[in-house]
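> Got these off TrEMBL a minute ago, pasting:
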- 24-297: domain 'Sugar phosphate transporter' (DOMAIN)
- 12-31: transmembrane segment (TRANSMEM)
- 43-66: transmembrane segment (TRANSMEM)
- 78-96: transmembrane segment (TRANSMEM)
- 133-150: transmembrane segment (TRANSMEM)
- 156-174: transmembrane segment (TRANSMEM)
- 186-207: transmembrane segment (TRANSMEM)
- 219-241: transmembrane segment (TRANSMEM)
- 253-275: transmembrane segment (TRANSMEM)
- 281-300: transmembrane segment (TRANSMEM)
Amino acid sequence: MSSLSKSDKKRVLDFAAWGFNISTSVGIIMINKALMATHGFSFATTLTGLHFVTTTLMTIVFRWLGLSQPSHLPLPDLIKFVIFSNLLIVGMNVSLMWNSVGFYQIAKLCMIPASCLLEVVFDHVHYSRDTKLSIMVVLIGVAVCTVTDVSVNAKGLAAAVIAVWSTALQQYYVHFLQWKYSLNSFNLLGHTAPAQAGSLLVVGPFVDFLLTGKRVDHFGFTSLAMLFLALSCFIAIGVNLSQFICIGRFSAVSFQVLGHMKTVLVLSLGFLFFGKEGLNFQVVFGMILAVAGMIWYGNASAKPGNKERRSVLPVRSEKLALDEEDGGEK
């Protein structure tokens with residue numbers, strides 16, 4: 001990459017980060033769908049705890065190999081991050097159980113406005129007209145192709161509100177902590193993954209029992225179920241790492257907007273591998289509209305004067321910037 005200009009190198013690394021996140025996220029969704037629907041492992045919260053166990057092992061190996069340097073994250077910040085992250089996981093699972101699929105999808109779409117509000121309030125970010133309109137196009141497109149039946153109840157609404165705001169706060173905090181303490185993605189994961197693994201493995205089985213009425217210790221593991229479980233945990237390392245890389249390089253809002261590409265890909269792959277039931281003009285039109293909005297958002301954010309601007313976050317150290325670029329080239 002030495003022959004590329006600084007801006008070209010950034011574009012290549014940005015594209016690699018998005019590609020890494022999208023491919024691992026779509027991959028784990030398809031694996032988990034097979035694990036849960038085909039093999040009956042319906043313990044989503046416990047599964048997430050296992051994901052963070054393997055991620056913790058990865059950070060230990062990286063530290064042992066010298067690929068991750070010692071760093072510091074104050075305990076109060078770590079505790080807040082773990083609370084937001086675990087509320088996100090539990091909130092999303094509970095919201096999916098207590099709400100209709102349509103309202104669950106609407107709640108997920110509300111995460112972008114929530115993230116925008118956090119950036120406006122805390123970072124004094126200004127969004128251009130094109131950026132706002134492109135976000136609206138993405139939201140409308142995803143809503144058209146995913147939202148069907150919509151029914152609301154009080155406890156489902158409460159779960160959705162908790163899920164939306166904990167997601168927005170967690171993703172905002174990923175970006176904030178990396179900039180405030182000059183942490184790269186490996187460093188931040190090294191601090192947060194062990195705490196999340198321990199806490200989720202403690203509360204996960206109880207949450208899953210409340211949601212499913214089944215005990216994880218009574219699950220009858222088969223060799224195929226174990227294989228899919230191992231694959232899920234392995235791919236989760238890439239999902240967790242790529243999320244931190246993407247939010248660190250961009251912003252929580254950009255991560256949410258362009259992340260809806262995963263929704264479109266999952267729908268497309270679902271129709272390809274699991275049958276075309278539900279595929280109609282409305283779904284196809286929604287997908288096209290969402291992709292068009294993402295392209296518009298990318299172009300709008302890249303234009304001078306239209307890009308989101310941060311004026312409050314501390315300036316990231318030059319060493320961290322170079323570390324992340326070097327890490328992306330390996």
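Cβ coordinates are placed from backbone N, Cα and C, and glycine is handled just like the others.
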> With a cut-off of 8 Å between Cβ atoms, can you find at least three pairs linking the transmembrane segment (156-174) to the transmembrane segment (78-96)? Only pairs 6 or more residues apart in sequence count.
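Yes, these stretches are in contact.
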> Can we call the transmembrane segment (219-241) and the transmembrane segment (133-150) in contact, meaning three or more C-beta pairs below 8 angstroms at a sequence separation of 6+?
no
> As a test: from 78-96, 133-150, 186-207, pick the stretch that has the greatest number of Cβ pairs under 8 Å with the transmembrane segment (281-300).
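The stretch with the most close Cβ contacts to the transmembrane segment (281-300) is 133-150.
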> If we skip the immediate neighbours and take only residues 6+ beyond the ends of the transmembrane segment (133-150), which ones have a Cβ under 8 Å from one of its Cβ atoms?
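Beyond its ends, the transmembrane segment (133-150) has Cβ neighbours at 100-103, 105-106, 109, 112, 116, 127, 253, 257, 260, 263-264, 267, 282-294, 296-297, 300.
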